[in-house]
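Student: Have a look at this one before I ask anything.
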Amino acid sequence: MIIKLENVTKIYKIGDSYIKALDNINLEVEEGELISIMGPSGSGKSTLLSIIGCLDKPTSGKINLFGFDILKLSDKELSKIRKNYIGFIFQQFYLFNYLNALENVELITKIANKKNNKAKELLEKVGLGNRLYNLPNQLSGGQQQRVVIARALANDPKLILADEPTGNLDEKSANDVIDILKKLNKEEGKTIAIVTHDPRIAEQTERIVVIRNGKILSDNTTVDEALELLK
Amino acid sequence: MKIDDYFLFIYKYLSKKKLRTLLTSIGITIGVATIFVLVSLSQGLQNYISNQLSTLGDKVIFIYPGVSKGFSSSINGFISNTFLENIQRLPGVQIAIPEYLISTEIYYNNNYGVATVYVINTKYINYLKYDGYQIYQGSLINNNDQCQVDIGYNIYKGNNNPNDQINVGDYINIFNQRCEVIGIFQETGGGFNNEIIFPEGYYKKIFGNINYNYLMIIVYNYNLAYIAINDYINSLKGQSYVIITAKSLESEINSIVGGLTIFSLIIASVSLLISAINILNTMYTSVLERYKEIGLLKALGMDNNEVLFLFLLESGIIGLIGGIFGIIFGYIMSNIAGFIFKSMGFTALQPYISIQLIIFSLLFPFFIGILSGTIPAIKASRIDPMIALRYE
């Protein structure tokens, strides 16, 4: 078991009112799974991803990631989990615009103080071998997102979390990105969780989790059922 | 991250923000350059003075009647025979040489000027070397009863007028007498350049008698003699005397130069304070602008302390850049100043750039940068990555 959430609830305070972003979530993910989390905006799917990514803590519940009881860890220990176990892919590409593609990927290895620098190899793998020294603004959206994927892989994480990875991409680039993610899952056994509202993405994953109003409506359904639930 | 990775990351960011970085550090540059110029010139001056005074060493003590008020002391009164004899008998004293010191007009060629004349018996003439006099051309005066003089370097040069240069063997008119120039003293940074040494015997021939007003005391035991002279003078009632030694002169000059330096440093620190606020402002803006980026760094695994360190180092480096440019400009300006002073005749005012000054000019702005960056860096370290990444 790589992810185990038990009765996880997250309540945000906005002004004087409280919003229940996650309501008693139970979720288990095995190592090597490729899952998608579907839901409309405001459903709590991004909050769920933040909590799994150790960027946020739940109001109540239990979380076990990679065998660690996450709620017992300090901020410093959580940042270690992030840099050693998790690769992030965001909807916006979030690259450092003053670093070239190679430097953006290497930065992660440097933050983690790791010696084996696979940045070049990873960029070649995502098809950017000829764009190593380009700054982000010299790359297309799809290329930038592929740099982000290479970066997410730089520390050889067990888990890759992708928040709307194709949200800002055209169809062709989106397909490229999904293909890369699928390949990583199949060939290297990476556990991958993708948050999306795009059924074309979701249908390519093995397991679809549907979330709405902070609750899991259905786990392991088909795309059609999911779309029905989300209507 | 390793330290060189921090430097590389900061370098990449700052080189993208070149203009802002330079504008931010310009205050530091001005402050450091000002300090650099002031300190190098005053250190140069102090070194020069110590050097000059060390020729006096601890072999000579001067006494003249009068009152000392800082530099505005003047001779007022005379030295009696009794006083001279009593000084001569004090322990540690080798010989007390009476002199008459007067400022008078001299005429030469078609020009005239004012010189400080030391009237001294030629039998003591060889003791002048203890006062730092060195012959440049000719020789020291040797006949007490003839009208002959030694002249300072400025007088020899006709006060920088080539047509009026006075050579050995020429004559000048002093005390309405035509006197032969026997020797010329070497140029110094100090007071000897406008002096004339005049024989006591000939002076008496002109004026009938002489009233000594200046005592040059050669000592063989400085401490013993200094204490004895001080005690003796303090025991006297009525006439007051001023004692001058190399050490007293040096500490007096140093305290004046030191005072000037401190005053200028205070002015320079005002500009540094303003530039510190400037750095604070830039770093604060930078943290706001890079809100998402900081969130990203944290999401990617940097902890609070690493973010804090990154931003402290960055603002320290902005200060350091200012410091480096400050040293470059300061070096150029202090040399220009030295050149100007030299061409104006103040050969003493040459910059002295010590290694301490350079180290200070690097470390001080670095720490100013770190200090000004502290609040923004703490703010950066506390950014919540989740909120930052969603921030629009």
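Using the three backbone atoms N, Cα and C, a Cβ is placed for every residue, glycine included.
Just so you know, TrEMBL annotations never went through curation; they're auto-generated.
The following feature annotations were taken from TrEMBL:
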DOMAIN    B:21-209  domain 'MacB-like periplasmic core'
DOMAIN    B:266-385  domain 'ABC3 transporter permease C-terminal'
TRANSMEM  B:21-41  transmembrane segment
TRANSMEM  B:256-280  transmembrane segment
TRANSMEM  B:307-333  transmembrane segment
TRANSMEM  B:353-378  transmembrane segment
Student: Using a Cβ-Cβ cut-off of under 8 Å, list the residues of the same chain that are 6+ residues beyond the ends of the transmembrane segment (B:21-41) and lie near it.
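Tutor: Same-chain residues near the transmembrane segment (B:21-41) but 6 or more away: 14, 261, 264-265, 267-269, 271-272, 274-275, 278-279, 282, 318-319, 321-323, 325-327, 329-331, 333-334, 337-338, 349-354, 357, 361, 364-365, 368-369.
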Student: Do any residues, 6 or more residues outside the transmembrane segment (B:307-333), come within under 8 Å Cβ-to-Cβ of it, and if so which ones?
Tutor: 1, 6-7, 9-10, 13-14, 21-22, 24-37, 40, 275, 279, 282-283, 286-287, 294, 297-298, 353, 358, 361-362, 364-370, 372-374, 376-378, 380-381, 383
Student: By DSSP assignment, list the helix, strand and coil residue numbers for the domain 'ABC3 transporter permease C-terminal' (B:266-385), in that order.
Tutor: 101 helix, 0 strand, 19 coil
